[in-house]
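Everything on this sheet refers to the single structure shown next.
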Ligand SMILES: Nc1ncnc2c1ncn2[C@@H]1O[C@H](COP(=O)(O)OP(=O)(O)O)[C@@H](O)[C@H]1O
Ligand SMILES: O=C(CO)[C@@H](O)[C@H](O)COP(=O)(O)O
């Protein structure tokens, strides 16, 4: 019988677990469990969720790996107990601390050179500095700092295992040097005020870092976006656009990014290369907000949006509801411009979908500029890629064809591929063929993006 592997996605809203055939990548079983809402969460809730979703599948797996939401700050004391709730990637309270750290490092260009990215509130280091300044007793108790996926992997490992991580997720902390692929302790100490234990890094991608109590190898795991790239087998010329809690545009690159403008974050990937990315804080929630406001379900919301016209009869939504990260406007709020008494429910739904897609178009353009070439494929994934309106309007707003990936859990699939890699102990991950991709065409609607850019420029400096 072919070996089976378990891939786990511990993302913002839920844990998803896939049991997968290690030779073909075929999904054999799938389970999920919800996470608590909010940007500050007791990390033990993720362990409850992983036990619920993955527990029944773990015994059947020959290897396992975990992809997790990036950047979240898990603080543990010397006994491994949780010091305070984890601050998540979408918690913007640490924006001033991020700006201070960037200054202390010598400005945006120096920061990008040191860690591959210009730090913003999402990065773990800025959260550590926030705790050091605002809750010094918690900072003093912190003996170990983990990322969400490290904490979940450690929970699955046999008793006595030292925590471990990978360079992909580590590159979102703000204390990992992407040039040397190693921790930068000076940056950790600068952020937290003292040294702390950090998880072990693999010496090569694909390495088995530990084993479960029953002896199944555990891969290093990685950040959810790095896992999605692995799950999609993202290749040169591909840009993935993920619409989950966050909106993420990503591509793989052999060159180490260091964008001093801060738009493109220069993370490492899970294969030894890099994953230049742009990320928004407001993505699927824009549609969740719209449909709650209109009191309809996903399907009816999509139907309403498609019943309006390009430009929603003059309605434009700048969707920075909970502050934004790309562009870096942590204190921003959303703006709906152009309402008249003739505006309809259909127009409001349309403005939400177009606002979401324009914010993603804003994320694709800098990746294109950075790589100096037009993407060959723009691949749509994530929960909100299931919306019929998103599917119909994405090629119109982006002004080019879009490749729709078959509905699936690509983060968990990528984690499963990493587990299969650890099991095979080969130099490269196994090749799994993906089928069922569909090309979406539409007539371009450039005026929609123009109106959005004008509103964005007009609201610069507003909060
Ligand atoms: N048919 C749909 N239309 C629009 N949004 C959807 C649809 N189905 C799911 N979603 C949204 O997708 C989001 C979850 O996406 P997912 O990629 O699983 O997020 P995450 O990985 O960040 O936890 C939720 O906000 C949910 O409302
Ligand atoms: O902060 C980032 C990327 O830098 C986010 O993409 C998080 O990794 C959360 O991802 P999702 O839960 O939306 O998948």
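Using N, Cα and C of the backbone, Cβ positions are placed for all residues, glycine too.
According to TrEMBL, the protein has these features:
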type: ACT_SITE; residues: 224; note: active site, proton acceptor
type: BINDING; residues: 70, 71; note: substrate binding site
type: DOMAIN; residues: 5-231; note: domain 'Carbohydrate kinase FGGY N-terminal'
type: DOMAIN; residues: 240-423; note: domain 'Carbohydrate kinase FGGY C-terminal'
type: SITE; residues: 9; note: site 'Important for activity'
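Cβ contacts within 10 Å of residue 70 (substrate binding site), excluding its own Cβ and spanning all protein chains shown: 31. Local packing around the Cβ, expressed as the count of other Cβ atoms within 10 angstroms, is greatest for 224 among the recorded positions 9, 224. Reduced to three states, the DSSP call for residue 71 (substrate binding site) is coil. Inclusion criterion for the recorded positions 70, 71, 224: a C-alpha placed within 10 angstroms of the C-alpha of residue 9 (site 'Important for activity'); this criterion is met by 224. The local packing around residue 71 (substrate binding site), expressed as other Cβ atoms within 10 Å of its Cβ over all shown chains, amounts to 27. DSSP gives residue 224 (active site, proton acceptor) a helix state.
Taking CA atoms as the reference points, the residue listed as 'active site, proton acceptor' and residue 70 (substrate binding site) are 7 Å apart. Under the DSSP three-state reduction, residue 9 (site 'Important for activity') is assigned to strand.
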